[in-house]
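What follows is a short report on a single structure.
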Amino acid sequence: FTLALNKTDIQQDSSLQNVLDLLQDTLAKYKDISFLEVQNNVITEWKRIELIYTTTDAFQTFALKYGWYHLNESTPVLRRKYERIRVRIRKRLRRDFDDDFHLGESSSETVNIPSENFKRNGSVIVVIRYKDLHELLRRRELNNADLRKRRRLNSLVMAVAMDPKPRRLMRNVVMRFRNQKLLDATRNCVYWKVFDSKSIDGWSDEGCQVSKRKPEYTECSCNHLTHFAVLFDFGSASAEVMMFTTEKDEKILTILTYVGLILSLIGIILTLASYALLTDVHQPLSQVRLSLVASLGLGQIMFLAGINATQDKGVCVAVAALMQYFLMSAFCWMLVEGIYLYLFVVKVYNINEKMAVYHACSWAFPAVMVSISLIISSARDEISSFVSEEYCWLSNANHSIWIFAVFVVTVEVLNLLILARVVKEMSGTQSAPENHQIRLCIKTCVVMIPLLGVTWLFGIFSTFHKAFAYIFTIFNSNEGFLIFLLHCVRNSQVSTSRFIHRLN
């Protein structure tokens with residue numbers, strides 16, 4: 001089937017008809033495999049299921065491409081009805097109403113896709129109803145008694161696909177399935193997960209739940225999760241690269257993000273209290289640290305409170321703008337931290353008289369950049385184009401995210417060069433043994449990296465491999481907590497002040 005599909009000229013109007021005929025014939029061949037053959041050979045059973053999955057998935061991809069080629073504003077919908085298959089392809093050019101797909105003879109088989117999930121520049125949606133595919137997907141017989149949990153498909157199988165494929169859904173897609181039999185059993189909403197080794201029967205209920213139970217039908221609601229690495233999501237190009245992240249990865253990254261951010265905010269509160277109560281806040285270093293952790297904490301609060309507030313575009317734009325402002329301000333203070341370190345170690349120069357300038361630049365420059373981002377978005381499109389369609393963060397559609405990304409990379413490259421220069425200066429002036437100098441350099445890097453924000457560079461590389469997404473999420477969601485550990489708990493100035501304060 002796949003080989004024949006690749007030879008099909010999708011630009012021909014008749015190509016969909018030809019592929020559907022081929023699909024029906026292929027599924028009929030899979031159905032003809034005898035039940036006895038399947039029972040006697042578990043490998044054959046799973047091979048057959050994999051073939052069915054590969055075939056239907058290939059057709060689904062073909063149907064999406066066909067929709068882009070052949071549907072337009074005057075002909076936005078295409079329907080095909082066959083003995084075993086019903087197909088509806090729709091090209092959405094607007095986002096002002098939801099799409100309801102009625103695929104059965106009654107309202108017991110429907111798919112509702114909220115308009116928030118569609119892209120501004122258009123989306124193609126394919127919904128396929130398979131009449132007897134559930135009969136082909138017989139459950140594998142298991143020898144392990146602990147895993148012998150009989151789950152029976154009690155509805156027809158429906159496939160729903162969208163292109164461009166959203167990383168996550170703004171609002172849940174709701175699907176209604178007509179029950180094949182009235183069974184007194186627990187109902188589960190599941191989706192096909194053939195290649196998951198942990199699934200005992202090829203189905204998973206992760207991210208889906210039963211929203212309504214009726215004797216004649218079961219209604220399902222499905223969604224997805226968000227993780228911290230979305231701050232460096234550059235749109236469709238990176239989305240294709242990031243297909244390596246499985247749903248398990250997404251769930252783990254989400255948990256790491258929220259646990260890390262809570263720890264980070266605790267660390268930031270303790271850092272603010274430590275520097276405010278136990279050090280001279282008029283000293284340049286204290287001012288830099290207090291400003292850095294305050295702006296970083298406010299940015300993280302914005303993420304926790306509003307990254308998913310996509311239902312109200314006004315609130316979403318405000319959240320993204322404030323998050324961009326506070327994070328860019330934090331990076332300005334990271335750069336100031338780097339400058340302070342360079343002048344203190346390399347030039348042996350005090351920056352006390354420059355603090356007014358640093359305050360002005362670090363608080364005003366981000367405001368200018370956010371304003372420019374908003375103006376560009378308003379000029380090219382409406383103000384809502386400032387944010388992504390999937391979460392309340394800068395959009396790639398009008399390239400506003402690149403203002404943030406380029407600024408972050410510039411700051412971190414400068415800080416990385418400063419750190420290298422400082423380490424070189426420290427190692428060159430020490431008369432201690434070489435192994436002692438190496439330990440000192442490593443310690444300096446470990447202590448300064450959270451303050452200089454160098455680990456944010458992993459956000460750029462997170463689009464190339466999920467290992468970088470994990471590193472980025474772990475280090476940067478915990479940044480405030482790391483600063484507290486390395487610069488309050490292990491800081492001799494703060495520790496001494498705390499000791500004196502306790503004596504008094």
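Glycine residues also receive a Cβ, built from the backbone N, Cα and C atoms like all the rest.
As written in TrEMBL, here are the features:
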| type | residues | note |
| --- | --- | --- |
| DOMAIN | 60-238 | domain 'GAIN-B' |
| DOMAIN | 253-491 | domain 'G-protein coupled receptors family 2 profile 2' |
| TRANSMEM | 255-278 | transmembrane segment |
| TRANSMEM | 290-310 | transmembrane segment |
| TRANSMEM | 322-345 | transmembrane segment |
| TRANSMEM | 357-379 | transmembrane segment |
| TRANSMEM | 399-419 | transmembrane segment |
| TRANSMEM | 440-461 | transmembrane segment |
| TRANSMEM | 467-489 | transmembrane segment |
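With pairs at least 6 apart in sequence, the transmembrane segment (290-310) and the transmembrane segment (467-489) have 3 or more Cβ pairs within the 8 Å limit; the two touch. Under 8 Å from some Cβ of the transmembrane segment (399-419) lie the Cβ atoms of residues 232-235, 324, 327-328, 331-332, 334-335, 337-339, 341-342, 369, 372-373, 376-377, 386, 393, 444-445, 448-449, 452-454, 456-457, 459-460, all in the same chain and six or more residues away from its ends. Confidence across the domain 'G-protein coupled receptors family 2 profile 2' (253-491), taken as the mean pLDDT and rounded to a whole number, stands at 85.
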